[in-house]
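Got a structure here, written out as structure tokens. Questions coming.
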């Protein structure tokens with residue numbers, strides 16, 4: 001967050017209040033300097049000195065464009081200054097008839113008004129009517145919501161725009177994913193295109209060779225370095241550049257980053273069945289009754305029948321029918337009722353106090369199975385693990 005005067009000059013509220021504060025402080029310090037010290041309250045010197053420090057701090061924060069990060073701190077600091085200036089005003093007016101003291105009292109009154117305005121602004125919510133009215137005059141258009149320098153925000157936006165799928169702190173290729181709500185990642189705004197899905201599930205991600213199921217391949221051993229995320233077939237690239245071993249930007253994914261939102265099934269994406277995301281050996285989408293899958297042993301495209309059942313959510317499976325190989329080791333009780341997102345075929349609905357079987361409880365979304373056999377994912381903050 002670089003220091004720039006343009007950050008300060010583009011905010012009329014910052015210019016007006018800081019300029020007003022400096023003028024009021026000059027009036028106060030001039031009156032204090034011209035008054036007779038035997039009749040001047042000595043503690044007021046500390047109040048005047050403290051006030052100029054607060055004004056300079058606010059100026060620096062505006063110039064660095066990180067005023068929002070210290071709003072609550074400023075409320076406390078300015079509140080102390082407000083006590084100092086009001087107390088000095090009382091002592092200077094009623095305990096002395098000196099012209100210098102009265103001049104200093106006038107400056108302290110102006111500083112008290114300024115401090116009160118700062119307390120109301122910095123202590124108010126950004127969406128409050130007063131704050132929105134003040135921020136509407138900002139030349140930046142968004143008030144102080146955009147923190148940091150322009151290049152910093154530009155890079156952050158580019159990183160978020162390159163997020164292909166899924167959730168949480170994963171690094172795929174050279175795009176860094178910031179932690180955020182998985183439900184937001186699954187919304188229509190951030191849905192990946194078919195091209196990004198093809199690149200994400202192809203044999204290579206970033207600069208490192210991958211299997212079709214996401215496991216990293218060692219170019220020397222031609223074997224996965226870690227357990228396969230799902231599916232039974234691996235596709236090893238034939239042309240691998242060994243210089244990639246020394247590249248720090250090799251993409252990777254770990255099991256903690258998989259929350260079930262990675263499950264997609266597309267006839268254009270090899271190995272993209274539910275088996276590639278949830279570790280389902282049969283490579284099937286658990287939300288519709290179809291025996292075909294994109295993550296089969298051949299790694300070929302999904303059958304055309306799968307596309308006809310994409311939005312079916314109410315198919316129920318028994319243990320013998322699913323063939324998922326998932327062991328549900330825990331039981332959880334639903335704290336609230338939850339209606340599945342119709343845009344996400346992997347979610348399941350449940351009602352309050354319903355008992356669910358769950359597994360893979362590390363992320364925000366857990367694999368779950370209802371009592372009727374329906375399998376999918378559920379939000380972890382809607383359920384509570386039971387002692388078994």
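For all residues, glycine too, the Cβ spot is worked out from N, Cα and C.
Sharing the record's features from Swiss-Prot:
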- 250-266: compositional bias 'Polar residues' (COMPBIAS)
- 272-282: compositional bias 'Gly residues' (COMPBIAS)
- 291-301: compositional bias 'Gly residues' (COMPBIAS)
- 310-319: compositional bias 'Polar residues' (COMPBIAS)
- 327-388: domain 'SH3' (DOMAIN)
- 226-319: region 'Disordered' (REGION)
- 1-12: topological domain 'Cytoplasmic' (TOPO_DOM)
- 34-42: topological domain 'Extracellular' (TOPO_DOM)
- 87-101: topological domain 'Extracellular' (TOPO_DOM)
- 123-388: topological domain 'Cytoplasmic' (TOPO_DOM)
- 13-33: transmembrane segment (TRANSMEM)
- 43-63: transmembrane segment (TRANSMEM)
- 66-86: transmembrane segment (TRANSMEM)
- 102-122: transmembrane segment (TRANSMEM)
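Help me understand the surroundings of these features in the structure.
In the predicted model, the domain 'SH3' (327-388) has a mean pLDDT of 89.
Under DSSP, the residues of the topological domain 'Cytoplasmic' (1-12) split into helix, strand and coil as follows: 6 helix, 0 strand, 6 coil.
Look at the topological domain 'Extracellular' (34-42): DSSP puts its residues at 4 helix, 0 strand, 5 coil.
Away from its own ends, the transmembrane segment (13-33) comes close to residues 40, 44-45, 48, 51-52, 55, 58-59, 62, 67, 100-108, 110-111, 114, 117-118, 121, 134-135, 137-138 of its chain (Cβ-Cβ under 8 Å, at least six residues beyond either end).
Residues 3-5, 7-8, 11, 14, 17-18, 21-22, 25, 28-29, 32, 70, 74, 77-78, 80-81, 84-85, 87-88, 91-92, 104, 108, 111, 118 of the same chain lie 6 or more positions beyond the ends of the transmembrane segment (43-63) yet place their CB under 8 Å from a CB of it.
Beyond its flanks by at least six residues, the transmembrane segment (102-122) meets 13, 17, 20-21, 23-32, 34-35, 40, 44, 47-48, 51, 58, 71-72, 74-75, 78-79, 81-82, 85-86, 88-89, 92-93, 96, 130-131, 134 of its own chain at Cβ-Cβ distances under 8 Å.
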DSSP on the topological domain 'Extracellular' (87-101): how many residues come out helix, how many strand, how many coil?
11 helix, 0 strand, 4 coil
